[in-house]
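Per TrEMBL, the features are:
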DOMAIN    34-148  domain 'Acyl-coenzyme A oxidase N-terminal'
DOMAIN    150-258  domain 'Acyl-CoA oxidase/dehydrogenase middle'
BINDING   Thr154, Gly193  FAD binding site
DOMAIN    291-459  domain 'Acyl-CoA oxidase C-alpha1'
ACT_SITE  Glu444  active site, proton acceptor
Amino acid sequence: MANDNAPIQFPNIPPKGPNGDLLLAAERAKATFDVKSLTKIMYTEQYLKKMDKVLDVLENDPAFDKSDRYHHSRPEKIAASLWKDKRLIELTKEHNWDEEEVGIANFLYDMSTPFTLHYSMFIPTLKNQTTDEQKKLFLERALKHHIIGCYAQTELGHGSNVQGLETTATYINETNEFEIHSPTLTAAKWWIGGLGRAANHAIVMARLILNGKDFGPHPFCVQIRSLEDHTPLPGITVGDLGPKFGFNSVDNGFIMFDHYRVPHISFLAKYSQVKPGSGEYVKPPNAKLSYGTMVWVRANIVLGVRMAIAKAATVAVRYSAVRKQFVDAANPRKWDNQVIETPVIDYTMQQYRLLPAIASAYACYFTGRDMMRLYELNQAEMAKGNFGLLADLHASSSGLKSLTTTMAVSTIEDMRRACGGHGYSMFSGLGMFYQDYLPNATWEGDNYILTQQTARYLLKTYRNVVAGKAVASEYNFTVNYLLQYLQNPNAKCPATTGADLLNPELILSAFGFRAAYGIAKTAELIDKQGHSWNSMLVEINRISRAHCQYMLVRTFIVSLQTDERFAKPENRDLLKVLRNLASLFALYTMEQELGEFLTSGYFNSEQAALLKQQVIALLEEIRPNAVALVDAFALPDYYLNSALGRYDGKVYESYTKAAEGEPLNKQLVVEGYEQFIKPLVHDGLNPAGAQAAKL
């Protein structure tokens, strides 16, 4: 008799050949460039060595085990996350890891945890917006994890509208304290990562009230829980806000303040100050300096998009090379002289989904890298008292955060669907990944709201160009494409063949003209025809999108032209592949936005047809390098955590093993059989039941 407590196991037989490892090996043999050379361009050798070292530690540490990740309940996710957070601190000390190695460990673990906001928002804010005295009091303790923090800005009733926040911080002149208060239910801080259970401190954005006057939101470092026993301090109501669509490994929380007093030192005073006793306000040198942390976070989000898209594309491309379906009668695939089913990556429709995703990952890599360069440059300039780059960086980071995270969300889901039915399994590695990535489209600025910040900058720049207050500059390409448009607003695309559309100058002219046309028409409707801002929000979203797509295309193309590493003879084949990718990204984007290129008058219907044909031609050109291009991102199997995206191609073996680990399969007979199934089935086995069934 079978043991009903025995686990279910698959028989030890191989899948139908040729197996995935052989198919992927054949794909890798098709590559026209050296994969390791491309990897070393995207990462330094030192970084890759560090990744190997950190990976070896994580794969052998129980706190970083991912094998049960897809089975965990929410309490189990939080518990596992806290274990990982503590263990990472211990490993950092044990192995003397530097900041980059800690970052690699968090990247490889690939799941946000209760301490994530401590590192990504709390500490950066303390670094950027505190005095020396406050650094000693707050930052030094945070770096040692003696205090654990979060960033409490969003409220139940207000998110993107920071100026509409309701929480108040009223200065009490007599005691030199601030009284933090939640005057309404909608003033409750909400969605705050790390706040629900883990944090004992928070950066609280509250309206500064001095001598009865409201000075708008300012940051305060506030203790919220006891350091002795972690209980909420008197005057504070705090907790977890409950299950979410995804991101359930983080304790997003709420907090309300009931006339809660904090000392004067809690007011972060690097830029703005409140004089003790009098409550006199000292203005910052620039009104937007307090947004420094937000700009840093958005720039990092843009940089992180490349990995989000690369992860999804890696899984889908490898699986598509292994998964076989049907036989292409016109071009049958053979293996050892035998006709086999066609790997789905050979179907043009699959290539049309997969290859632009790869191109997007590389476009975001080059743009993300450039965004961080600009951020560091701006920080250096602000240290000198020059705030000239801040407005441009703020607008760029806002628009690119909106565009690229929207791209990532769409691509992850499309790559999941490109995996067919098996993409619906959590073991694909893409279902939970989609859920956990999705908040990126909302946090640090809702993607639709953010486009307004970019559009305001674009319209202001356009007005300055028209007024002769802006001149051409190698550093301000926005001014350059606006000037080019105004010199000839009736310009037409000169392409007569599909090959003409591969010309980088023509591509940039097309994207620049389309963006400038939209900006000019929007400015005319607002400035001359009196349209309200609200009535123009759809167009405002479009011009931000057009401008940021121009940025992505331009940065991709220019990076290939200016990076000296691509000029080396040994990288000639690599450069050709990346140029094809840049062309595919540009032309595929044009095709998706074809209505705007036609509406601007720059393209005609014949050129639109040429564009569609050239996209298909590029797919055929890039197809042999598909697997090699995702391999170059060097994403370990531990990071991917996907049965379908394994480097070795052993998809079916890994998938069935994962299914064996399902808790429901730990015993042969399901719990509840005796109570719910057996009475029904056995009723049909007794004579009365059997007779009734016959009737």
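Keep in mind that glycine also has a Cβ here, set from the backbone N, Cα and C atoms.
Whatever TrEMBL says is automated annotation, not expert-curated.
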What is the three-state DSSP composition of the domain 'Acyl-CoA oxidase/dehydrogenase middle' (150-258), stated as helix, strand and coil residue counts?
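In the domain 'Acyl-CoA oxidase/dehydrogenase middle' (150-258), the DSSP-based counts are 6 helix, 51 strand, 52 coil.
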I'm trying to understand the geometry here, so how far is the Cα atom of Gly193 (FAD binding site) from the Cα atom of Glu444 (active site, proton acceptor), in Å to the nearest whole number?
12
Whole-number answer please: how many Å between the C-alpha atoms of Thr154 (FAD binding site) and the residue listed as 'active site, proton acceptor'?
9
Counting across all protein chains shown, how many other Cβ atoms sit within 10 Å of the Cβ of Thr154 (FAD binding site)?
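Around Thr154 (FAD binding site), other Cβ atoms within 10 Å: 21.
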What is the average pLDDT across the domain 'Acyl-CoA oxidase C-alpha1' (291-459)?
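The answer is 91, the mean pLDDT of the model over that range.
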